[in-house]
Every structure is written in C-alpha cells, then in structure tokens.
Amino acid sequence: MARAKFERTKPHVNIGTIGHVDHGKTTLTAAITMTLAALGQAVAKGYDQIDNAPEEKARGITINTAHVEYETANRHYAHVDCPGHADYVKNMITGAAQMDGAILVVAATDGPMPQTREHILLAKQVGVPKLVVFLNKEDMMEDAELLELVELELRELLTEYEFDGDDIPIVRGSGLQALDVMTKNPKTQRGENPWVDKIYELMDAVDSYIPDPERDIDKPFLMAVEDVFSITGRGTVATGRIERGKVKVGDVVELVGIRDTRNTTVTGIEMFKKSLDEGMAGDNAGVLLRGIQKTDIERGMVLAKPGSITPHTQFEGEVYVLTEKEGGRKTPFFAGYRPQFYVRTTDVTGTIKAFTSDEGEAVEMVMPGDRIKVTVELINPIAIEQGMRFAIREGGRTIGAGVVSKIVK
C-alpha cells in the first residue's frame, strides 16, 4: 500500500507559548501537560524536561525547541516552547514550528515588556492568525485594579499590532501554582482547585478562539519542481513534493516562475513507480505534462492550480541574519548586497535594495545576529506569496532566514 491513511478523530492544531523571558512560558507548558494528564489526555512533562529542549535544524539553522502534545475534549494539539528568545525569533521566521495560534504569556507583575511586543509583532508578520493571552503570576498581585490596568494595556498593544485586542480572551492564573498542585496530587480534576481550573479555562479559550486550520489538502494545488526528465514516447515528467492541494489526471495546471507562465494538462501521475489517478499534499510524485519539452521546464518553477499563484521579482520580508557562531557572516552587509535567495527548491540571485530595523527605523548596515525588514529584488520572477519562507545563502551556506511579509511587484 503506497498510501496508508493516518486517521485522526479530532482536528489537529499546532500552537506554542510566546512572550517575554521569565514570564512563565515553560512553567505554563508543564502545567498544561500535567493538568490534562489527569484526564489521560497528555503525558505529564516537568519543567526540566521542557526546558532542556533538543537542538533541531531548520533551513540550515540550529534552533532549540521543545515539543509536547496533548488533547482536549475537542482537539489534538502539538505545542512548541522555546527556551531562549533567539530561538523564538528563528523558529517563527523559519516556520520550523508552524503555529496555527499561540498562547501569549504575560506576567501580571511586569505587564507587557519589550519581548512581549516583539513576539506580538513577529506573530503578526509571520501570519499566526489568533492569540489567546494567559495573564500569569496572578497569585503575586494583591491589587485587582492593577490587574485591570495590565489587561487594558495588553488589549491596546494587541490592537496596535492589528490583532483583535477587544475580543482576545485573557485568562488570569498562575502556572506555578497549578503546577504545584498537580505535582502534589497528579489526579486533581476540574472543579477541585481554583488554580487548576484556570488552566482548564485557558484551554477552553484556546479550543474556542483559535480556529481549526485549513488543511493543506484543501488548498489550491502547488508542487515545486525539483527535477525534470523525458520519457520517450510519453513526454516530459516533472518531479517534486506536492506542497498543497491535489492533482488529478486530466487537470489543467500552470507552470509558474523564471519564464512566462503557461498552461499544460496533466496526462499521468506516478509515485513509487506506480501510476495514480490523483496525487495529494505530502506525496513525492512525478507528473507527466502534455506538450511540454524538457527544455521548457526547470527546477525552481512550480506547477499550480491556474491563477492560484503568480510570479514576482520584488517583495518585502522579515529576516533574521545568522551570527558567526551559527555559521553566518563575520562582517556586516550594506544596501546593495547580492546574495542568493533559496525559495522552495532553488537559489535565485537577488539584491537587498533597502532595509530598516524591525520597528521601521533607518539603519546604515546589518550586523550578524540582527533582525531586519528588507526590500528584495530578484533577477528572475519566481512564484512567491505572502507568508512564504526563504533562506539567504552565500556560496552555498545559509547566512539568514526570512519570510515574505508583502509582495511589491
């Protein structure tokens, strides 16, 4: 069987904890797993197990990320928590841990801090659709009025970054108190402790406020071309991994990028040397194309549902520039810098025409380790869309990672 199906009874949602350092993200993550473990819907993870996050590589960049999973009555969740601020920045920009929504953790004792603002901005720019707020360390706040003020300030901040500040659920509680109760009595159920109930209240908010993600298979068809070859008597085959949607024999698809966009008809689909009627998201497939010569198509183009994606040469992006220690550049670069932009399956040369700091202030040069907004012009048009990830490379090594925030031309 080439296509065993993974059946899941509940919708799957990817989320993560974001927020300022020491505001209690990891403690809250541990508290969620321990609370839901009492219902048999999670494996309890202690703080240390989450804090010692393993290293992973995404787009040539090393990131520390902890993954936990748990279920509520309605959904199955994969949850990411990062130990360090730089890990969050890299994680969100590379899309290593795709988030369908996030829990913004804010310590009531501090209120919103610089990284709170930075994570909200990042979430907006990389396309995290919805946030739920956990106002942590409520046990350390005597003054109810002060709590109200912090909440008000948060709602204003969220609105400033175009989230729905008025409607976002803000749940007050204490991750530490809940974790403490669950550690002493791992069987504590809902209704037996006010701090544990706050965790349930938070999960109810996440369940109801963060929407079910659209599955890749329901999106318009797209496959980035990795390789091309001719089959005598049958025509030209493009191979690659189907990124989203599905494709059937007889479908008309568009060939987009590098050269003028053109239509062609799919006359065959193969996977594991067997022919299929239909290929779908996640499949590594070979697609036979009518009336296309081997010279008409090359790596870096995409096959897509007609009209679903267009070629562009200019875009704005959010970029993280690697430090020397991470394998990046030793020296700064200036406007006019010409690296390669690795998009899906190919390197395209482009120029970084202009850049600003993340908050939009003018900067003279970019240092390794900086996070910046860039305007890029590519030498060839490529199928690009908002939210798409790319790597920046120089002589074959990755020196930065980015996400497209806006198409210019």
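From the backbone N, Cα and C atoms, a Cβ is placed for every residue, glycine too.
What Swiss-Prot lists as GTP binding site is 19-26, 81-85, 136-139, and the listing cites sequence analysis. Annotation source Swiss-Prot lists Mg(2+) binding site at Thr26, citing sequence analysis. The domain 'tr-type G' annotation in Swiss-Prot covers 10-214. Summarising the annotation, Swiss-Prot assigns region 'G1' to 19-26 and lists similarity to another entry as the type of evidence. Taken from Swiss-Prot, the feature region 'G2' applies to 60-64. The region 'G3' annotation in Swiss-Prot covers 81-84. Residues or ranges marked as region 'G4' in Swiss-Prot (evidence: similarity to another entry): 136-139.
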CB neighbours within 10 A of His85 (GTP binding site), counting all protein chains shown, number 15
Output, ordered by sequence, the same-chain residues six or more apart from Gly19 (GTP binding site) with a CB under 8 Å from its CB, or 'none'.
-> Lys25, Leu104, Val105, Val106, Gln115, Thr116, His119
Residue pair His85 (GTP binding site), the residue listed as 'Mg(2+) binding site' - Cα distance, angstrom, rounded = 12
Counts of helix, strand and coil residues, the region 'G3' (81-84), according to DSSP | 0 helix, 1 strand, 3 coil
Densest Cβ environment (other Cβ within 10 Å) across the binding-site residues Lys25, Thr26 belongs to Lys25
Check each residue in the chain of Asp22 (GTP binding site) that is at least six apart in sequence and keep those whose C-beta is under 8 Å from its C-beta; list them in sequence order.
-> Ala107
Cβ neighbour count (10 Å, all chains) around Glu138 (GTP binding site) is 19
For Cys82 (GTP binding site), just count the other CB atoms lying within 10 A of its CB, please.
-> 24
Do me a favour and check the Cα-Cα span between Glu138 (GTP binding site) and Thr26 (Mg(2+) binding site); whole Å is fine.
-> 16
